[in-house]
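Colleague: Could you have a look at this structure, given as structure tokens, before my questions?
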Amino acid sequence: MKKITILGSTGSIGTQALEVIRDNPTIFKVSVLSALKNSELLIQQAKEFKPEVVVICDESQYLHVKEALSSFDIKVLAGEEALSEVATYPQSDIVLTALMGSVGLKPTISAIKAGKNIALANKETLVVAGEYITQLAAAHQVKILPVDSEHSAIFQCLVGEEQNEIEKIYLTASGGPFLGRDQDFLSTVKKEQALKHPNWVMGAKITIDSASLMNKGLEVIEAKWLFNLDVDQIDVIVHPQSIIHSLVQFTDGSMKAQMGVPDMKLPIQYALNYPDRLKNNFKRFNFLDYPSFSFQKADMKTFRNLDLAFTSIRKGGNMPCILNAANEIVVEAFLKDKIGFLQMSDVIEQCMEEINFIEKPQLSDYLETDKHSRILAAELVTKSKV
Ligand code: MN
């Protein structure tokens, strides 16, 4: 049995991971579940999966959760700090980091230091501190198994190619709901439009990031660290059908792609049971449903966030950390109708210009940068006019 800790069990990735676990009760066992504030779903999950420990980050709900689970042999903890504690839980084999945003950084570090393999769904961890995390994982001989569908695709394409050099990778992008639109159009869009993703059902934050192409920018940075590439070896290609999940091009020009119907349960299952594939009855791809695939260049002039992400990783140091922190603030503001779609890029760019650049950050520098960038971004949001 593989014993699993899920950090962020009530979100989109967390609930889909539990579906995979439910379908494979002889293979997986849940050790730890944690939720930010959705205590009702957490309680329901705990009653079904009977973990040894649950964490509710919102401390005001601790007593409610504790009471609801009082007849079960389940330890209940509260607070964000508890995430780092349960990330090291001795009985667990693998930690699925499905938290939203840079809050995933500290628990991921704790899990790596405790020698736990990481199923990484929290891409922000690698965006904020990719160099630090990948070096730490190497030092502790811990595997980072990507859950992000594009990175899972690359990871699957690389199986059996350990001795071969990568020339280039192509991350595919759906283009999101605003593909082909211009800035005039984007200046008027509201969250309801941005939240309608054509191919993938995801949480609100990543759906907005997909509409602005920031998600693809974060994925470029994630890929750089996961696969130890130069930025120039990473290209983004828009593929609106989202069937090819990404591609690797080797030094002889040969390309490998991983394909399938868009369903996050597949990369989740692959990461949790790596290196073995598991049988399932997920929907199968039918060629005749897709008589043609199409590809186009990503429009970085209209969707400036992708350009800003490339700029940040070329600059390196704490710049991607600034980009990520500012982005988390502006996405939250956009979801509350406090800022326009295009202004999100303006705020991020201004933070990248104004926050102190640190070329070789220590862990404490990342944490400080994250804090300061959030404060500045929030100020800029307040000053902006919708
Ligand atoms: Mn992705």
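Glycine is treated like the rest: Cβ placed from N, Cα and C.
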Colleague: If TrEMBL says Thr10, Gly11, Ser12, Ile13, Lys37, Asn38, Asn122, Glu124 bind NADPH, which of Gly180, Gly203, Gly217 does it name for the same site?
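Modeller: Candidate in the recorded NADPH site: Gly203.
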Colleague: Looking at TrEMBL, which one out of Ser92, Ser102, Ser110, Ser174 binds 1-deoxy-D-xylulose 5-phosphate in the same site as Lys123, Ser149, Glu150, His197, Ser210, Asn215, Lys216, Glu219?
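Modeller: For 1-deoxy-D-xylulose 5-phosphate, TrEMBL names Lys123, Ser149, Glu150, His197, Ser210, Asn215, Lys216, Glu219; of Ser92, Ser102, Ser110, Ser174, the listed one is Ser174.
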Colleague: Can you tell me the CA-to-CA distance separating Lys37 (NADPH binding site) and Lys123 (1-deoxy-D-xylulose 5-phosphate binding site), as a whole number of Å?
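Modeller: Computed Cα spacing between Lys37 (NADPH binding site) and Lys123 (1-deoxy-D-xylulose 5-phosphate binding site) is 21 Å.
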Colleague: Could you tell me which of the binding-site residues Ser12, Lys37, Asp148 have their C-beta within a distance under 6 angstroms of some atom of ligand 1?
Modeller: Asp148
Colleague: Tell me the coarse DSSP state (helix, strand, coil) of Glu150 (1-deoxy-D-xylulose 5-phosphate binding site).
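Modeller: The residue in question, Glu150 (1-deoxy-D-xylulose 5-phosphate binding site), is helix (DSSP, three-state).
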Colleague: In angstrom units, rounded to an integer, how far apart are the Cα atoms of Asn122 (NADPH binding site) and Asp148 (Mn(2+) binding site)?
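Modeller: Approximately 8 Å lies between the Cα of Asn122 (NADPH binding site) and that of Asp148 (Mn(2+) binding site).
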Colleague: Round to a whole number and give the Cα-to-Cα distance in Å for the pair Asn215 (1-deoxy-D-xylulose 5-phosphate binding site) and Asp148 (Mn(2+) binding site).
Modeller: 11
Colleague: Averaged over the domain '1-deoxy-D-xylulose 5-phosphate reductoisomerase C-terminal' (144-227), what pLDDT does the predicted model reach?
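Modeller: So the average pLDDT across the domain '1-deoxy-D-xylulose 5-phosphate reductoisomerase C-terminal' (144-227) works out to 96.
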